[in-house]
Amino acid sequence: MLVAIIMHAIIQEYVLDKINRRMHFSKTKHSKFNESGQLSAFYLFSCVWGTNILVSENYVSDPTSLWKDYPHTLIPFQMKFFYISQLAYWFHAFPELYFQKTKKEDIPRQLVYIGLYLFHIAGAYLLNLTRLGLVLLVLHYFVEFLFHISRLFYFSDEKYQKGFSLWAGLFVFGRLLTLILSVLTVGFGLARAENQDLNLTTGNFNILGIRIIVLSSICGTQAFMMWKFINFQLRRWREHSSSQPQSLKKKFVTTKGRPSKKERGLYCKVFLSEDRVKPI
């Protein structure tokens, strides 16, 4: 946890603060830029580290290894250190809410997603579902990294929108793939295992009740994320559609206020042909 705080401070002081001084962001953009800068660095590091573990342990080439030989109590040191680092980072996010002077209206949102991370990471570690948890984390971190790096580019140039379009497609694909892997591992792989007796000594939690709880938590979280995603996209669509009539109205007013040369010539002819003695 102390290492996470130190790395957070180094990135903030030597990278993000220097960029903020050059860009002269407002207070709102300043806070969001710092958030995306810290999270994009963390997601990139964790995604590369997790992918290296998946490749070195041959979890990618053999999907059955996600549930084969469960319980996975004998995990490699690198994976155990990865999970400990993940828990340390998200625990350190609580005091950072105070040090970063987060707004009161943003604190509930921050607490919700920090709590969700801690709940799922700790649950995968304690229930010996570390292999499945690692695959889902790498998949999720990659999509989140794309979102935050797109937001960083957007803050530097508001015309940049391509990254968000790519992120939207990968976000939906990531949710579907998460559900498929979870159901395949917990609903089919572990359900067909021979040993389905609860044993705290050996770390076997492969019983029907726990499998239902695991799948329910994963499906509930994915549904919650999709609901937030749909609301976000609808809000962007409404803002975009509401801004178009205003821009058209401005163009119409500008065109109406500045007549063309033919119109100006016509106005002059009418004006000169009128009887100037008539009262107004």
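Along the chain as shown, residues are numbered 1 onward.
Just so it is clear, glycine is given a Cβ too, placed from its N, Cα and C backbone atoms.
Now, the feature entries from TrEMBL:
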- 31-240: domain 'TLC' (DOMAIN)
- 111-128: transmembrane segment (TRANSMEM)
- 134-154: transmembrane segment (TRANSMEM)
- 166-188: transmembrane segment (TRANSMEM)
- 208-230: transmembrane segment (TRANSMEM)
Folded-back contacts onto the transmembrane segment (166-188), same chain, C-beta under 8 angstroms, at least six residues removed: 63, 66-67, 129, 132, 135-136, 139-140, 142-143, 146-147, 150, 211, 214-215, 218-219, 222, 225-226, 229, 233
Other parts of the chain folded back onto the transmembrane segment (111-128), taken as Cβ under 8 Å at six or more residues beyond its ends: 70-73, 83, 86-87, 90-91, 93-94, 97, 134, 136-137, 203-205, 210, 214, 217-218, 221
Average model confidence [pLDDT] within the domain 'TLC' (31-240): 91
